[in-house]
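Heads up, the thing below is written out as structure tokens.
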């Protein structure tokens, strides 16, 4: 039996996530027939190698998607808004790693371990959730399924690579300037497009993405709204505070949950994590074992530890959830969605 | 009228907090008559200058406290356990900045803005709370007084100077090694006395102090128990997750609270912060104004921002609280306690 292969386009091939997308397609043996690399006109003409073949990056245009079966978008919301429907019109299924369509009720928002079934109702576009949402819902879904979930309060410790390669460069350059007692000149973080920029090296900045009218940032609103949509729990209490740290790659999250039903214990929660796909339990206080961002970098799994039962509420539990924000938080989850589409016979 | 002055002893004069203690006594014009600097035998013989006078550090012994009226301890729990009662026996009032007596029911645990009245029942020793507790309870007490408080869930972003000068050195040295692609060799953090040590530079480490049997760290248990004691709310739901970051000085806290009564709004909460002693409100999303650890270093005040009403629970509020952990978190609060003692006529 010959395995079916697919014509794939990667839109935003030169970005931090696009880079990981190519690596992930390769190392997970995704059945690629022809690979098209698309980008803005600025990066067009550059050459990338995939499985030994040099591929010249082309400027993304509506016609670029002729003959494409799967289009993986990670070139920013405006590119997705301009071109995703064009790709669908030409017969492609789009997996979009921007926030452009995530809350569109006609677009499934998918973490395969959580809501693979949502793919069945797709209309051509499938949204990949925000990095900080993915790792949290993937770790918590087994708990929600078994015991229900009434409340989820998260405080994040997010890495700068989520803000792009420029942010990583700024963090390292600024760190060196501070170590050398030089002046610093923040230009990228916390949000490159916002008015003010602040020191990220040796600091903790409670702003990721711009502010919305209610005082929450867009990043916080993404976590809140996406979690409810993916878990299909519109009335669950979800709250988030998102903070940028001087960490290159690897988002950490301090999560407090309250289950609906009684009966969950730390041991049972650990068992749920051991059995969950894509989760590695790292939890042994006696040997100081807990997840660390610096260790999660480059790994596919989501790492969970510091599991504690709340001391005042027996239905309350605390967890520390860490994952590589460029992999499970972005490229890996997109490629996993594509595999799910194949398995379900939805990618043709 | 001549101002009364006092014979003061600083125990642990060479530590990071002791250093700030001397500076704070000086710049707040504390009425010092004679100042004794005490330490372990290791540091005895060193000389420090206070208000233009050289003072030779002496080894702390029971007899050292003869004639001392106020003894400020910050030399570690074992020193306080060995010598605080000896100081009291000789007529001194002890303000202890270690965890030795904090949960002792005969010892007031005091943040003057919150529970100055607790000083009235002192038996010679007054405990200064943990750094991460002080800034949180001082900011939240005005809310608790006005609207009651049922729930408090905090995730911390704590600076390395809380772990001492060696930890600060390790963070900076390790940062440079990583920037220079050199091997690192963690020896101090997260807890110098614990078995394993981890990278702190460009990382987030969810361990401060050693683990207790329930899976919480001692730091987390301090925040939980001390908050209930200081606020005199033994049945309030309090939970904490404490995380160490590559920040030199300045603890940040992401705090979620639920009030007992209805009616609190973001505007009212901001007004409470504006009126509160020792609090500076830094909260304007439209101009990206929020507290930052790097800016709080060297400042006496507690900075509060990112105030949001929860989107699912109208009695729920989120805050971001930042303070210098060596000042309000330690030395400043100790000296403020001493001033309160004078004002109440308790220091004689």
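Positions of Cβ are set from backbone N, Cα and C atoms, glycine also.
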Query raised in the report: Which residue of A:313, A:325 does TrEMBL report at the same NADP(+) site as A:14, A:15, A:16, A:17, A:42, A:43, A:161, A:162?
Result: A:325
Requested in this report: Pop the Cα-Cα gap between residue A:131 (active site, acyl-thioester intermediate) and residue A:102 (phosphate binding site) into the table, whole Å please.
Outcome: 12
Query raised in the report: How big is the gap, in Å, between the Cα of residue A:14 (NADP(+) binding site) and that of residue A:158 (substrate binding site), rounded to a whole number?
Result: 22
Report summary line: Helix, strand and coil residue totals from DSSP for the domain 'Semialdehyde dehydrogenase NAD-binding' (A:7-122) stand at 39 helix, 32 strand, 45 coil
Report summary line: residue A:325 (NADP(+) binding site) -> DSSP, reduced to three states, gives coil
Requested in this report: Give me the mean pLDDT over the domain 'Semialdehyde dehydrogenase NAD-binding' (A:7-122), rounded to a whole number.
Outcome: 96
Report summary line: Once DSSP output is merged into helix, strand and coil, residue A:161 (NADP(+) binding site) belongs to helix
Query raised in the report: Where among the recorded positions A:16, A:131 do you find the Cβ with the fewest other Cβ atoms within 10 Å?
Result: A:16
Report summary line: If you tally other C-beta atoms within 10 angstroms for each of the binding-site residues A:14, A:158, A:161, A:325, the top scorer is A:325
